[in-house]
């Protein structure tokens with residue numbers, strides 16, 4: 001374990017030549033980031049989960065009522081052990097051939113079996129109120145973190161001149177504003193990982209997990225290697241568009257279609273500018289090109305830039321979803337979020353049932369995400 005620890009914390013992996021960890025010891029009023037500083041993230045993440053519970057109960061629910069958000073009342077599927085077992089162990093979306101087999105066992109008509117599966121799936125789908133509470137919490141956090149980020153960075157020279165990002169690197173003293181900005185942001189993403197099982201699952205669930213892990217890995221590494229200045233800018237760029245996204249969701253759940261669509265258009269523009277222009281052509285360029293004026297490339301330099309590229313690829317993926325929604329918006333076919341599944345009509349026509357199950361799937365493209 002000692003050898004593994006020595007190898008992991010080898011100076012040449014984390015720091016440029018000729019800097020060593022001994023050069024980053026607190027002295028003469030200068031304070032440097034420490035791994036031990038990150039231990040507080042776990043309790044703060046748990047604290048944020050508790051704060052979220054209080055927020056959703058005391059603020060999000062009354063706000064939802066004020067905006068007219070209500071869960072749709074669905075008819076529950078009748079209790080049937082045979083169908084319930086099939087639903088849980090085989091498929092939630094049986095094919096037409098499977099439906100016929102179940103009909104023979106139960107003596108039901110195909111329409112009755114189809115309606116049962118349709119109602120059963122709707123039972124498992126999260127209600128609009130749950131989605132609203134989740135979006136409201138994220139909106140509140142991203143709004144506060146964006147304002148906090150601006151307050152922490154507005155008077156810093158590297159906020160206006162990216163070359164200042166590397167002045168004196170890696171011997172850059174840690175500021176209180178940077179410390180709390182990092183700790184709260186990392187704790188929030190940690191809390192999202194803790195709550196992932198209970199939160200609404202969407203089509204980009206795997207991409208969201210990759211994003212959360214990549215973000216935590218990137219922030220943790222940037223903290224330990226003292227890439228803190230660029231890390232704060234990356235966080236600010238990401239949070240800005242998320243504020244608009246979550247607010248658009250809230251108005252969508254409330255049925256305020258015009259307001260939702262207007263915010264969505266602004267969100268799409270901000271997302272494209274911040275994630276596909278500023279992030280790659282300003283921030284990644286800043287981390288890829290400018291450091292070479294100060295030191296030779298080392299492992300940490302390559303690792304940090306690779307993680308930024310991973311985030312960029314995720315941005316491209318989400319940008320494709322946004323563009324699909326913009327296309328539907330222009331042609332008047334936008335009904336929600338490309339990432340969500342649509343609630344099914346429990347009393348649909350025979351033609352709808354046949355079309356749905358002959359393709360082996362009852363998923364829609366959107367659902368007022």
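Keep in mind that glycine also has a Cβ here, set from the backbone N, Cα and C atoms.
Going by TrEMBL, these are the annotated features:
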type	residues	note
DNA_BIND	85-128	DNA-binding region
COMPBIAS	339-351	compositional bias 'Acidic residues'
DOMAIN	83-127	domain 'Homeobox'
DOMAIN	130-331	domain 'TLC'
REGION	337-369	region 'Disordered'
TRANSMEM	36-55	transmembrane segment
TRANSMEM	139-159	transmembrane segment
TRANSMEM	179-198	transmembrane segment
TRANSMEM	263-290	transmembrane segment
TRANSMEM	302-323	transmembrane segment
* For the DNA-binding region (85-128), jot down how many residues DSSP puts in helix, in strand and in coil. => 32 helix, 0 strand, 12 coil
* Asked: Of the stretches 36-55, 139-159, 263-290, 302-323, which racks up the most C-beta pairs under 8 Å with the transmembrane segment (179-198)?
  -> 36-55
* Structure fact -> Same-chain residues at least 6 beyond the ends of the transmembrane segment (36-55) with CB under 8 Å of its CB atoms are 136-137, 140, 179, 183-184, 186-188, 190-191, 194-195, 220, 223
* Asked: What average pLDDT is reported by the model for the domain 'TLC' (130-331)?
  -> 91
